[in-house]
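Peer 1: This structure is in structure tokens; I'll ask about it shortly.
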């Protein structure tokens, strides 16, 4: 089965986890940024999981170097453009890129300038390629609550101009949703759609709380609902889409193998699953690679993929017009 040729949708892709290594090197040399190595083969080890990784926290360490080169308008625009260029080459028709604006203020940019630069890169790529992109703003859970309010407030002016949603990301602690009730209440009032990283690192109850306390419309990862019957039931009853990222889940040691990943069980039970990369560079993956692995180890069929694709169309925060265009590609999903 040729997954490369199939139309695809990406709903969970972090900008700072998906840079070209060549671009990191190029910007570092141009802007005189120190890197541990200027040899591409060596640098890959610092920004990608090559052999082993023991936890989500260790996985997140791979973002330090990419963020060093994402501190100017020019660089942010370029990196956003290149991401859409890369996924368009993988036949991705629609992507929701997510990033945390406050990770890019080190050289004096303000939140509005940061968001605007990324949107410019997305829009430039849309003009050249058969792809549509939107932006999800991330609030870092390792920053204070006022920081989250700042992102929500300052990003609101871009809703309807490319920004579609708000997210909570970074390391996951039990019962984190309770801290962010007021932040997400404001986000909803501003008009943001809501997706929350939860149930990625062993705490299924966080999914329950993200839906009940934060009005999450989608869940990033959500795989640990398998250990929380109440969360599983709620996700199924409310038809809450899960943004599943299989290779990333293996890297963070959520699961030992593709065969033991619960993705196929979820799909067969009617959970609205979508398949995503999470971080193309950190996990050294593409949507095509994800599908190939699921086909090889889990028996993913063309019929299964059609369900996944339509799940992603429905789960997306795209406009109704864009969704209709995306649905039209279903006829291309053949073995």
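Numbering starts at 1 and runs along the chain as displayed.
Just so it is clear, glycine is given a Cβ too, placed from its N, Cα and C backbone atoms.
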Peer 1: Using only what Swiss-Prot says about Zn(2+) binding by 12, 14, 197, identify which of 278, 304 is listed for that site too.
Peer 2: 278
Peer 1: List the binding-site residues among 12, 14, 16, 278 whose C-alpha is within 10 Å of the C-alpha of residue 200 (active site, proton donor), in sequence order, or say none.
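Peer 2: Final answer: none.
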Peer 1: Including all protein chains displayed, how many Cβ atoms other than that of residue 278 (Zn(2+) binding site) lie within 10 Å of its Cβ?
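Peer 2: There are 28 of them.
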Peer 1: Enter the number of other CB atoms within 10 angstroms of the CB of residue 221 (site 'Important for catalytic activity').
Peer 2: 27
Peer 1: Once near-sequence residues are set aside, which residues in the chain of residue 16 (substrate binding site), 6 or more away, have Cβ atoms under 8 Å from its Cβ?
Peer 2: 63, 66, 67, 70, 99, 100, 103
Peer 1: For the recorded Zn(2+) site formed by 12, 14, 197, 278, name the remaining residues of the chain with Cβ within 8 Å of the site's Cβ center, in chain order.
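Peer 2: Here the non-site neighbours turn out to be 13, 17, 98, 169, 220, 221, 243, 245, 248, 276, 279.
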